[in-house]
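Q: There's a structure below that I have some questions on.
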Amino acid sequence: MAGGAAEAAAAVVEVGSSGQFEELLRLRAKSLLVVHFWAPWAPQCAQMNDVMAELAKEHQQVSFVKLEAEAVPEVSEKYEISSVPTFLFFKNSQKIDRLDGAHAPELTKKVQRHASSGSFSPSGSEHPKEDLSLRLKKLTHAAPCMLFMKGTPQEPRCGFSKQMVEILNKHNIQFSSFDIFSDEEVRQGLKTYSSWPTYPQLYVSGELIGGLDIIKELEASKELDTICPKAPKLEERLKVLTNKASVMLFMKGNKQEAKCGFSRQILEILNSTGIEYETFDILEDEEVRQGLKAYSNWPTYPQLYVKGELVGGLDIVKELKENGELLPILKGEN
């Protein structure tokens, strides 16, 4: 065990100076270089160091680096590191991607993607640019109203993004968002794609409306409400969600990963019936989580619906199964 731990630790290089970092960029130019900007006082950084050590075992062709953000401020400032943990990805000494926050599955995905994507050349063929342009077009059209921002609507990571979210919410505007910190290629590419150098950026039907100043002007002139689509009232939204599939389960987590014991048990029961069903993760939408309690007058989760009607929670589903009534109800026969 001790030997394995030492081997894993050795696979992650610790950098203590700007000079050492620049030298490492030069020496490891041919491979993917993943740099973890961390701090010893942040427990989530320790967890991500463990994740990185495991990834280093799996991807021996990738170079993994730990850099204490506050100990090497010149590097942190150069790459706009404002919080820890933050991960930067380099190829050919060029930064190609970024991940802010302790997101182990996302880190694993990015390492796998970039490690398998072959050599990256900033001055390469035109095809990657065409691919990026197509990707940006899809992203800007991903929803009728798309906000490209720093962070998420729940956790904006700059004052301008926070103000933008507040304005959109105040006007009950329905929008989806993209965290530009999660994808460096999109962050840089969108500036050129739309000839707009700053964030946040708001798009309607794929067309750039503008940044915060423009949105404030549109709000002042009363035009904002006519340009952006309105969010449906919560009750309408809950009605649509509960009818999204014939059998709908509102739970903590999803089919692949239940995040509480009650949700896990109800998944096992539903899976044993062979009936198709869909799930909604209430942990990802606080409005739905709270609203559904009042909508159905049922204070706890999970909640099971058939054709938009509440069947009940885990205890009721267990009773129905024991009585042999569950399958007919799920099939809509009762």
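Every residue gets a Cβ built from N, Cα and C, even glycine.
Okay, so Swiss-Prot annotates it like this:
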type	residues	note
MOD_RES	ALA2	N-acetylalanine
DOMAIN	2-116	domain 'Thioredoxin'
REGION	110-131	region 'Disordered'
MOD_RES	SER116	phosphoserine
COMPBIAS	116-125	compositional bias 'Low complexity'
MOD_RES	SER119	phosphoserine
Q: Are there residues of the same chain, six or more positions away from SER116 (phosphoserine), whose CB falls under 8 angstroms from its CB, and which are they?
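A: When sequence neighbours closer than 6 are ignored, SER116 (phosphoserine) has nothing within Cβ distance under 8 Å.
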Q: Provide the three-state DSSP residue tally for the domain 'Thioredoxin' (2-116): helix first, then strand, then coil.
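A: Summed by class, the stretch gives 54 helix, 29 strand, 32 coil.
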